[in-house]
């Protein structure tokens, strides 16, 4: 049974990591290409979850909700880019932080105005309900396995998009020298809007998928955003590969830490104290890990060249 | 301003005729109306205002402000209400950390604080104050009842978990105070945690015959949904906070059949409660929650005291509050020596009425229950 528990927890860590990757990929893309710190990324995650819950409630289909969440988050991202973010590229990071923080408040109160203060209901689709047996005799929820699958597909898709397509080439070029590709005749404004919408759609996808596991409510994006920042700092800012590795590491360390630390401490102290101290230490673990990574590789594990 | 003067003059006239209150009363309500926890504050306010409007007394004025669930904002609002609005009574705070930031200084300035929800142990025991009342409960009460219920239901091995913050630790201590079986594992989760896969895996592996959890708000929704999806079928027990009227709809059928402990339920059989539930549904178009009920009772308590004594005569007003001479929607209600309620705490089961998930009382966990801190209170 202990092996089964360990396998289950490893899968949990992997699933958590994959979900973080969807958030962090958009964040790091936007930071890497446009040099913009976007605190409102968590709001786009919330937009995705609310769109999915609303459309799923109207139509009875989770899948239509999922499509709606991608569309809504991408649209919200594009609108925000055109109306607000566009004015911030040449400002310093502090201005960007301030403006995008204001966007969080606008999104949160706007969502409350539209949907009310009470959490919405979103269930997992019947196709993915239930649990499947895993080695060791335990069961694992099919839906969480599906999230891992989607995350891997998105990672492969992003890799192909950036390394194999014309758009990807422009994104990479924009990352290195934005004046030069502008001079070469690429419409840099549209490129930025597209990248921003792409990042937003990934956040929306994460929000919709996680919304079925958790509560869909105002402010749900902020805790995830903090972890996504940790992920991109560990992985190296601007690197998709770094975001993937960082997200998986953070997911595994956090999940296994929360599981193993209290158990380890219980070996030499009372259960109440072990639970409380173990939980406190476990919540610090990813930040300790981030500090270690930064001490050894100050620019992150897969820092973009330059 | 005109209103205040008018109300004042009216009050003066009435005091001469001796028909209504001795003088107008101004109540400051600080509660959470924005941010993730807004649902609770909105319910408490709506319940409170329902009672105030039903009384339709022009001498009562209520100022409502939003604390956004932030202690520093709550403190600013309290200062403003006391110094410039000149309120007589403060109320409305939902969260214990905000209550700890506001209540001690408010009562030190001679104001009454009457809690609609938050009731931390610090204010129930040695830190009690003659001007502080809790209408809702003492924070531990519902957890103690859950422990008593688990014992009564014959559970022998319980897995318990709560968030790693003061109210979470109090909840597990409260549960253990009344639970006679064995606690097989005790876990603290992060406050605001949204993924419980790691905890659920441990519940599965622990061999427990029951699970007690205290995860208020969105944390509880996430836990319940993931628990239902995991295929683990160990019975769940929790305090009412995760099974409240507005939360249940977001959890969905995953909550069906779960037992939870509460000091109010919409099916408590008395006239005041029936009238409250009907009036609330008619006015707001939704079912009331426990927070609505606490808000309603708080307003009725203040109204009952105001009918007996003038708020400017603090001692007389305090006596009138202590008498608790109002029709509580909970039926039995009285104050203990530390100004916290002595009341019955019920076991509810989540059921479906038509399309709506709601709670039904199935048992009484503790009768005439008082908190564990009353003996430490000297006033």
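Every residue, even glycine, has its Cβ placed from backbone N, Cα and C.
Transmembrane segment is the annotation TrEMBL gives to one range among A:142-162, A:163-183, and that range is A:142-162. If one looks beyond the transmembrane segment (A:225-253) by at least 6 residues along the same chain, the residues whose Cβ comes under 8 Å of a Cβ in the stretch are 10, 13-21, 23-25, 27-29, 31-33, 39, 41-42, 45, 155, 158-159, 162, 175, 285-287, 289-290, 293-294, 297, 299-304. Ranked by number of Cβ pairs under 8 Å to the transmembrane segment (A:142-162), the listed stretches A:16-37, A:44-60, A:97-122, A:265-296 are led by A:16-37. Between the transmembrane segment (A:44-60) and the stretches A:16-37, A:97-122, A:265-296, Cβ pairs under 8 Å are most numerous for A:97-122.
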